[in-house]
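Here is what Swiss-Prot says about this protein:
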| type | residues | note |
| --- | --- | --- |
| BINDING | C432 | heme binding site |
| CARBOHYD | N169 | N-linked glycosylation site |
| CARBOHYD | N260 | N-linked glycosylation site |
| CARBOHYD | N379 | N-linked glycosylation site |
| TOPO_DOM | 1-6 | topological domain 'Cytoplasmic' |
| TOPO_DOM | 24-488 | topological domain 'Lumenal' |
| TRANSMEM | 7-23 | transmembrane segment |
Amino acid sequence: MELSITTSIALATIVFFLYKLATRPKSTKKQLPEASRLPIIGHMHHLIGTMPHRGVMDLARKHGSLMHLQLGEVSTIVVSSPKWAKEILTTYDITFANRPETLTGEIIAYHNTDIVLAPYGEYWRQLRKLCTLELLSVKKVKSFQSIREEECWNLVKEVKESGSGKPINLSESIFTMIATILSRAAFGKGIKDQREFTEIVKEILRQTGGFDVADIFPSKKFLHHLSGKRARLTSIHKKLDNLINNIVAEHHVSTSSKANETLLDVLLRLKDSAEFPLTADNVKAIILDMFGAGTDTSSATVEWAISELIRCPRAMEKVQAELRQALNGKEKIQEEDIQDLAYLNLVIRETLRLHPPLPLVMPRECREPVNLAGYEIANKTKLIVNVFAINRDPEYWKDAEAFIPERFENNPNNIMGADYEYLPFGAGRRMCPGAALGLANVQLPLANILYHFNWKLPNGASHDQLDMTESFGATVQRKTELLLVPSF
């Protein structure tokens, strides 16, 4: 049977392509280890059907803790060990201080003018200074203490009013509580469109997880439209922008001292000053950072902590005994009551080890060509630091997959990124600037939930039947909502 002209041309094209591939001159440069790759998509086929942080960890265990990934058009290096994390985030920190441009950052984050995604440069340095001295200083975080205490008590009352023995959707309750805390910290009060604002933030977070086609083929603009990503993000941004505009328009700037300023007060003061002029869009981008990133990371950490404690009755009993002995029947918990509770803090540290809010941190980008241990790294190469893999490295952590809070009893590891085998908030110039606020929004809610109530799974299920499946978005959440039965 004769071949059609079309088939003949197709076969000839394939043969020519394979010939060119086979006869292509081999590079004399030292190449980073990598898995087998395919044309066009690179290594993406290795990550299909996996949680990205777990898939990348599995590849690193086969090919090395410093390896190369080709994600579509994007050349990427992956760091999966404390040794390489320390080398890159200290010696080469400024070289990899940029952020890769993304479609989400362009549309949602007002052209990458928020704190998280802003490119490295003078604008970002001013934002970082603003966070350190004003928005996220220890003093400013402390000033929101009464808000945290009030909203935690509101959650306790809500659970008690629902009645003992009835299942509670803790996922929803925790997310709503922390969203309200951050709304009051940002705007001085809960906003009237709180539920709509929260739902929009949740949708943004769902859109930012994983490896998106728009970001792995950035030059193929038609894919941004074919995938529907640009249209979805544009629609979300329009709703978000209208809501934030209304919030800002209705906001009454505080006339009291700086100590009592809300986050929006600070931003509006600076917007109208020559000290650090901000545009209206800059203000909105920063507010979205404070609310979106803060709500998702803190609520996920509280959920994972409770989930791990449910599966580990010994640890649950120990942390509840510590709380109840220290508080001795006190009704409302104040932050001073729990600052020195050792085991509660061990539980939080171990939760952050197993479930870092951003397991792949936020990707960085190389600002200039660099020689890294003999490997030539090109400008614009993407950097992924897999803190999920680092935090579970069996070379540094005994029984690395197990929940054992006691491992930190005599462990001086610094939670703020000084020790590179434990990086819950990243490290270096681009580490999470909101770590202090995030920890405050974890410690008090967790203490209240554990102090006031005993918890069990619905329908008589045993503790080891709790589903711990992950869902990957902007942060790694539980795939199923945490439904538990309180008793008090």
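Cβ coordinates are placed from backbone N, Cα and C, and glycine is handled just like the others.
Recorded features from Swiss-Prot, shown on the structure.
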residue : record                      : CB count, 10 Å
N169    : N-linked glycosylation site : 13
N260    : N-linked glycosylation site : 11
N379    : N-linked glycosylation site : 12
C432    : heme binding site           : 23
N260 (N-linked glycosylation site): secondary structure state under DSSP, collapsed to three categories:
helix
Integer Cα-Cα distance in angstrom, N379 (N-linked glycosylation site) to N260 (N-linked glycosylation site)
45
Tell me, roughly as an integer, the mean pLDDT over the topological domain 'Cytoplasmic' (1-6).
38
Which of the three DSSP-derived classes (helix, strand, coil) applies to N379 (N-linked glycosylation site)?
coil
Cα-Cα, whole number of Å: the residue listed as 'heme binding site' versus N169 (N-linked glycosylation site)?
29
Nearest-integer angstrom distance between the alpha carbons (Cα) of N260 (N-linked glycosylation site) and N169 (N-linked glycosylation site):
34
